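Engineer: Sharing the record's features from Swiss-Prot:
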- 1-20: signal peptide (SIGNAL)
- 21-576: topological domain 'Extracellular' (TOPO_DOM)
- CYS48-CYS90: disulfide bond (DISULFID)
- CYS235-CYS527: disulfide bond (DISULFID)
- CYS358-CYS374: disulfide bond (DISULFID)
- CYS414-CYS421: disulfide bond (DISULFID)
- CYS509-CYS528: disulfide bond (DISULFID)
- CYS513-CYS531: disulfide bond (DISULFID)
- CYS534-CYS546: disulfide bond (DISULFID)
- CYS549-CYS562: disulfide bond (DISULFID)
- 635-645: topological domain 'Extracellular' (TOPO_DOM)
- 710-739: topological domain 'Extracellular' (TOPO_DOM)
- 798-810: topological domain 'Extracellular' (TOPO_DOM)
- 845-868: region 'Disordered' (REGION)
Amino acid sequence: MARLLLALLAWLAQMSPVRAAGSVRLAGGLTLGGLFPVHARGAAGRACGQLKKEQGVHRLEAMLYALDRVNADPELLPGVRLGARLLDTCSRDTYALEQALSFVQALIRGRGDGDEAAVRCPGGVPPLRAAPPERVVAVVGASASSVSIMVANVLRLFAIPQISYASTAPELSDSTRYDFFSRVVPPDSYQAQAMVDIVRALGWNYVSTLASEGNYGESGVEAFVQISREAGGVCIAQSIKIPREPKPGEFNKVIKRLMETPNARGIIIFANEDDIRRVLEATRQANLTGHFLWVGSDSWGSKTSPVLSLEDVAVGAITILPKRASIDGFDQYFMTRSLENNRRNIWFAEFWEENFNCKLTSSGGQSDEATRKCTGEERIGQDSAYEQEGKVQFVIDAVYAIAHALHSMHQALCPGYTGLCPAMEPTDGRTLLQYIRAVRFNGSAGTPVMFNENGDAPGRYDIFQYQATNGSASSGGYQVVGQWAEALRLDVEALQWSGDPHEVPPSQCSLPCGPGERKKMVKGVPCCWHCEACDGYRFQVDEFTCEACPRDMRPTPNHTGCRPTPVVRLTWSSPWAAPPLLLAVLGIMATTTVVGTFVRHNNTPIVRASGRELSYVLLTGIFLIYAVTFLMVAEPGAAVCATRRLFLGLGTTLSYSALLTKTNRIYRIFEQGKRSVTPPPFISPTSQLVITFSLTSLQVVGVIAWLGAQPPHSVIDYEEQRTVDPEQARGVLKCDMSDLSLIGCLGYSLLLMVTCTVYAIKARGVPETFNEAKPIGFTMYTTCIVWLAFVPIFFGTAQSAEKIYIQTTTLTVSLSLSASVSLGMLYVPKTYVILFHPEQNVQKRKRSLKTTSTVAAPPKGADTEDPK
């Protein structure tokens, strides 16, 4: 296979002598090859296009300048002169390959095995012998990575070392495929790392990439994507490739695609300067000036040509360029070049015409008045603008790297020998490669020049930003804002942006979540998320997690943490406590007045007729009902909670037991009187008291058993007022009584109340002589209404934020109202008569015979029901 390839290359070398003639030749003992993009890529089938003044001519002249200096240095390669064969690649890899075949012609002919003897001319004339081609020992170039790759595949077959001054594709670091390739510029893998560091330093996490088709653009983007994936925190929205031969409207489509992900404002661009310029033009046409945030590779660097007349679109662009310096010696050399002293450069005349916008010779036809004739006296830098091209330093360093390697090789193989010794004729490429990889010297800019095992130079970059000057983009320029050498040093404060000059614009898939929000990641896109509020009682633990606060805590207003839930209770000063306390105080005062009046007039007919014993029991129950209000408002504690359990139902039980006993006695007397004159049993005062206290004892025994089974204590209930809005949440300090326990505590007395009401209904037909039957009935009816109203109010506020206040107030007011009804209907009228109408407090005449005969006489010693 190798023999077949060599035969093919030999044939191509023989077929391309004409094209190879367009070159710069310098005679020398050792010849270096050079590849430079003197012309741009041609259009419409042409191999070469317009002259490239800076990238082509400047770089080619830099090699000539370096060779002059090496040959003039008596300490470097003494007695050995370096020659050169410099070729134009026309910025096209296939054309460069054809040109590079001239570098291997001598080697191919050396392997020709007597092919020349087989050449016969017509008539037996011997063939003309052409001058033998130079034996190229090393090659400087090429510029574009695609060209270097194409040429490297050929040079390695003939063991010719190659050093590039501008090719940065990571692919060229593969020493198994490009083992004879080296470069004095760092590979794009370093550049890609620097660009990833820049993106991260700016806080961007969502960017798109844009690459020119070819090794440089595609390899650079691939390296950026891989490094960003390994580093994490940066996602690629889109990776767009610009075709090698873009069609009309292609760049408008590129901008349209970039706008499909408008949040990815950061655009990582690995493209040639022509593509960069057309991307900027399409951006302006789409009226998107200021939207995209460009991060350009070294192909953009600090060049003015891509941004000329497009400065407003380029403002804010961050670009990267291998660390370099302007070489003053080259400036002096180049600005003194003229048509007279630079005849060795066959393209210099074309450069002269292009640079000074003139013509050296007039055409045979009608002359163009707009183009003047060159005088030859023009001066570079005086009659035309001049700025040293950015890769000049690296061209000089590449030449010196080969020179230093040859010098070391000469010292090792030809010690004490001036000129070339037989050991270096011919020069072995593999041995030279070893010396090239071992060189270490200070280059033209004073920075160290060296190579690693893959032939790569260390990564050292300057970081630029294109900034407006005094608010004018057209007068702006590139400013150094940082450096990168294994680590990024970026002066963020020196950056300027459109809009707010000092605020870094975002390039993020999703905006940062606010306080109290967590990131809900989008599946498959680690840099995109939705912000989800930590609502309710949840708080933000970290950027991805919400958790519920402990039960005794509630979230802070911004849901970034938890804080203790306030504890509340019904206090003496609370507005909710005022109405029940007022009713209780008035009720106690009224009850005390009634009791005092009854005691003072204990033997008067009205007091005796009301049933003194049960009246005092009933009044005691009413007093206890009013007193419960103070227990319900008091601060909960073990003693208060125990007292609440005991007295909450005791007062009502005592009252309703007494009323039930009374109504039952009246009903039994009335029913018994219908059948006989014999009085019913258990209607004496003692019997009535025994029945009342027996009924009450059931409540007391039940409460005592409850106290023993579940000792009372206070609790803080955080669920009672755990409202939807955490800001309204409260912990309620209360006794350990649930709503059902409270109803259970009152349930027995309510049962007595219902039973009493039933007897009151049954006794509604009792004759007027039993003057308490109807008041008791009205009392029970009203009490039932009060408690029926209590139930929906009490349980209907279970979810209210004011539950503790409403329920306590409702309960105490209901108790006080029921007590007031009993007091008002049964005893206030009697007290009024006793105090204000004593003349009515006398025993009336005996009942009529008819009435008396139908009602059993009370037992001896009992209080009687006197007629009105």
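Keep in mind that glycine also has a Cβ here, set from the backbone N, Cα and C atoms.
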Engineer: Using all protein chains in view, find how many other C-beta atoms are within 10 Å of the C-beta of CYS235 (disulfide bond).
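Structural biologist: Result for CYS235 (disulfide bond): 19 neighbouring Cβ atoms inside 10 Å.
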Engineer: Just checking the disulfide-bonded residues CYS48, CYS374, CYS414, CYS509, CYS513, CYS546: which sit within 10 A of CYS527 (disulfide bond), CA to CA?
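Structural biologist: So far as Cα distances go, the disulfide-bonded residues lying within 10 Å of CYS527 (disulfide bond) are CYS509.
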Engineer: Among CYS358, CYS421, the disulfide-bonded residues in question, whose Cβ has the most other Cβ atoms within 10 Å in this structure?
Structural biologist: CYS358
Engineer: Just to be sure I understand the packing, how many Cβ atoms besides its own are within 10 Å of the Cβ of CYS534 (disulfide bond)?
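Structural biologist: For CYS534 (disulfide bond), the 10 Å Cβ neighbour count is 23.
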Engineer: Could you tell me which of these disulfide-bonded residues, CYS90, CYS513, CYS531, CYS546, CYS549, has the fewest other Cβ atoms within 10 Å of its Cβ?
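Structural biologist: So among CYS90, CYS513, CYS531, CYS546, CYS549, the disulfide-bonded residues given, the one with the fewest Cβ atoms within 10 Å is CYS531.
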Engineer: Whole-number Å only: compute the distance from the Cα of CYS421 (disulfide bond) to the Cα of CYS534 (disulfide bond).
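Structural biologist: Per the Cα atoms, CYS421 (disulfide bond) and CYS534 (disulfide bond) stand 82 Å apart.
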Engineer: Select the closest residue to CYS531 (disulfide bond) from the following disulfide-bonded residues, measuring between CA atoms: CYS90, CYS358, CYS374, CYS509, CYS549.
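Structural biologist: Nearest in space to CYS531 (disulfide bond), counting only the disulfide-bonded residues, is CYS509.
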Engineer: Averaged across the topological domain 'Extracellular' (635-645), what pLDDT does the model get? Just tell me the whole number, please.
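Structural biologist: 87, rounded to a whole number.
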Engineer: Residues of the same chain, at least six outside the topological domain 'Extracellular' (635-645), with any C-beta under 8 angstroms of its C-beta?
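Structural biologist: Beyond its ends, the topological domain 'Extracellular' (635-645) has Cβ neighbours at 569, 571, 628, 703, 706-707, 711-714, 733-737, 745.
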Engineer: Would you count the other C-beta atoms found within 10 angstroms of the C-beta of CYS528 (disulfide bond) for me?
Structural biologist: 19
Engineer: If you compare CA-to-CA distances from CYS528 (disulfide bond) to each of the disulfide-bonded residues CYS235, CYS358, CYS414, CYS546, which comes out shortest?
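Structural biologist: Of all the candidates listed, CYS235 is nearest in space.
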Engineer: As a quick check of your reading of DSSP, tell me how many residues in the topological domain 'Extracellular' (710-739) are helical, how many are strand and how many are coil.
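Structural biologist: Going through the topological domain 'Extracellular' (710-739) residue by residue, I get 4 helix, 14 strand, 12 coil.
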Engineer: If you measure from the Cα of CYS235 (disulfide bond), which of the disulfide-bonded residues CYS90, CYS358, CYS534, CYS549 is the nearest?
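Structural biologist: Closest recorded candidate to CYS235 (disulfide bond) by Cα: CYS534.
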